[in-house]
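Below is one structure; the comments refer to it alone.
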């Protein structure tokens, strides 16, 4: 039976990798819908190649894009904005939603897909970082299937007992014997650099990842290890564990993608070449397997596998993420929002790479009431989050505060 796939965030790196696999297996998959935001020329080319039934673009681009498709004789419904993304996520013709929109912009459509009981292939970290409780509740209440695309979470999923994978049973049930999860991190381009070298780093240096080909924002997050911090928060929600049960270890070779430690002393690890097509192919085909077009590891050529404890002074963002998870959902929302603003400012060369952690810390302190100079925000730390609007309110305030911190760094 052919799966009808909606790829939300089709023009990004995850979208690229996903569509390459879908193109290689037309007998299994039909590209039913696509979405794009800034790279509409590329989205048009994808529409030419895959001939989707529906496509989502920014609200102010709907008419122009529809005219362009019609001129090319491509029969495709064009929908716009957040409402369009949600409508595709809810479309009864869609079997699987690939949630690959970067940042908070992908939150609402991912939540909509879960509420519609879809099979959701999750690459959007914010769905769990910002709305972990709401997202997992929506999955449970509506019979949705949630499969992680992050290489680390996908690796952990593969190393868990089948009854946890297939029945969504509690990972902390003693009978399963799971003791800890280990998230691996490459250490990024500054693993062997000093803090001072990080402070002076250019944007081009920060986005030059040693092992992975990724988008600009996630590459900067990898350089500061905020990416791993967000993945830690994500893993807590995805696998229903406390942050104390999840360790982070730097593994520069990026061959082991994560590990599960069991109570009998066993460690199960998932290994493979550092290529996002592997976890994407796994999630698309689960519980079966398909070719991902990835070259196999040559075990004879692996001279060593290193494991290093992270330096939390140099990679302060990782420490902030763990503290945010301890403080509750509002802190995670705040940290994610502040980080998006700070990373954008770094990419625009308005702040330094090391300013990102400083901005994040200051926004957390002020939003959660630790810094009394910002009146009225202390209640956010204990605010009950029951709906998407609560999340968006905290996100908005945190972004405004982060913009003030960026301005302070520039002065």
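Glycine residues also receive a Cβ, built from the backbone N, Cα and C atoms like all the rest.
The Cβ of residue 126 (NADPH binding site) has 103, 104, 106, 107, 336 as same-chain neighbours under 8 Å, each 6 or more residues away in sequence. Per Swiss-Prot, the feature NADPH binding site maps to 11, 12, 13, 14, 124, 126, 215; the stated evidence is sequence analysis.
Annotation for residue 227 (1-deoxy-D-xylulose 5-phosphate binding site): spatial neighbours 185, 218, 221, criterion Cβ-Cβ under 8 Å with sequence separation of six or more. If you look up Swiss-Prot, you'll see 125, 151, 152, 186, 209, 222, 227, 228, 231 marked as 1-deoxy-D-xylulose 5-phosphate binding site, on the strength of sequence analysis.
The Mn(2+) binding site annotation in Swiss-Prot covers 150, 152, 231 and rests on sequence analysis. In the three-state DSSP scheme, residue 150 (Mn(2+) binding site) falls into the coil class.
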*binding-site residues compared (125, 209) - the one with the fewest other Cβ atoms within 10 Å*: 209
*Quick one: pull the CA-CA distance for residue 14 (NADPH binding site) versus residue 150 (Mn(2+) binding site), whole Å only.*
10
*Of all the binding-site residues given, 150, 152, 231, which residue's CB has the most CB neighbours within 10 A?*
231
*How many Å lie between the Cα of residue 152 (1-deoxy-D-xylulose 5-phosphate binding site) and the Cα of residue 124 (NADPH binding site)?*
14
*Of all the binding-site residues here, 11, 13, 124, which one's CB has the most other CB atoms within 10 A?*
124
